[in-house]
Amino acid sequence: MGFEELLGQVGGFGPFQLRNVALLALWPRILLPMNFLLPIFLAAVPAHHCVLPGAPAHVSQDMWLEAHLPREPDGTLSSCFRFTSAQALPNTTLGGEGQSPGELPGAPSTEPCPLGWEYDHSEFSSTIATESQWDLVCEQKGLNKATSTFFFIGVLVGAVAFGYLSDRFGRRRLLLVAYVSALGMGLACAASVNYIMFVITRTLTGTALAGFTIIVMPLELEWLDVGHRTVAGVLSSTFWTGGVMLLALVGYLIRDWRWLLLAVTLPCVPGIVSLWWVPESARWLLTQGRVEEARRYLLCCARLNGRPVGEDSLSLEALRKVAAAERVVRRPSYLDLFRTPRLRHISLCCMMVWFGVNFSYYGLSLDLTGLGLNMYQTQLLFGAVELPAKLLVYLSVRHAGRRLTQAGTLLGTALTLGCRLLVSAEKVYWSTALAVVGKGFSEAAFTTAYLFTSELYPTVLRQTGMGLTALVGRLGGSLAPLAALLDGVWPSLPKLTYGGIALLAACTALLLPETKKAQLPETIQDVEGKSAPPSPQEEQVPMKQVHD
């Protein structure tokens, strides 16, 4: 008897699973987008210009700016340079700089802002870009973009650590570590006194939050039967959409970056409390030979689901037989993902898919400029479009399958990015419509990737496999903000890069095996389709299927 039969006895979908999905989706799934997309508001750069001497009473502010600031090629006043000497304006004598009409022959010279910058605080009271002594603008704007990169590097490292450790020490225990670490690092980050402290604590926050991305989905799926994995996965991901839309509201209400950071960190507290009702994975417990603990959770599942299962029906002897077939002889490692041919193929393809999904998603999500709406409206619209994207995923994976859905959503993302390159800058609303559609496709690709990848790896390596693919995915997420700097080479180059990578990932997704209506594999042999230890020379056979 396998675990699927055990789950059938205690109920593969009922109040026990609904409670589990709700608790695992509510806090982690809302916290993740609010932190991952936080730089939209946290690192926003308001209008700014060099600090200037005070204007005389007889000179208007606009004239004073004209006299001190050069113009950019697009006609706007410079944000990063000022004239070394004030320029005279017609019928005006400029006091304080020793200049008067006709005194400046030839082209005026300019210099970087020697006294710092003056910021427009009408939209934000403060961001990390405007923080005193930080001034992450002009020559320092790369440091502003780098904060997102460092955060995703932390997520990348955390994906490796949590994937490996949760396969060794359990899903529930490591989820608690993720919650506590995210809370502590978030509070420290909000209290940062300099840029270095902010970057370090923000990076460690990303490391902690990676635990949510790696643990939550598999822990949900490992308690679900085959028929309800899709609906539960899509339902869980709708909480992410709620977090995206909630971020727009929180960012609108809180305009100070320190208080904003506190607002997206404190929900970790009720999340920690909710773990009291979250069960450990019985699948994982059996693979570790911890039969008594697995039996206790299975009986709890049967009781909440109203299944008349007596203790004799789940005897220790019966569970030991299941555990003997699934028990891990040695601890899993990342090398196990590449030892056998089928797992190696799956791992390499998933790495490319996850890189493309993250790179295109965050490239679209973190760029809210040039869309004809303010950032709060755009963020709300980007969140709202994710709801029909979830419905698209739910219908598509049930009928077209996981593989075609993954490839199709990535292809849709690439095509919308390509179409935006063909739309002129004057057609703002067309560009906005394409950006929204592209965001919907990229979110659908993200939702599918979590569900698809969780079903490809066996239980003994599921967390390790999710950790590896998330690692590569977060590498894509960390590079996405830096790719936006390519607009200095050619304005369309960032969109071309995002679309090209998404197209490559779509083609790679077609090389993965289909998992529609397939049982979750328990061991490496289940994936390889062999009863004996696999060897590269042996013939590969498809994953076993269950029928309607």
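A Cβ is built for glycine as well, from the same backbone N, Cα and C atoms used for every other residue.
No curator has checked TrEMBL annotations; they are predicted automatically.
Range with TrEMBL annotation transmembrane segment, chosen from 199-219, 283-303, 430-450, 472-492, is 199-219.
At the 8 Å Cβ threshold, with sequence separation of at least 6, the transmembrane segment (259-278) comes into contact with the transmembrane segment (174-193) through 3 or more pairs.
Within the model, the domain 'Major facilitator superfamily (MFS) profile' (76-517) carries an average pLDDT of 83.
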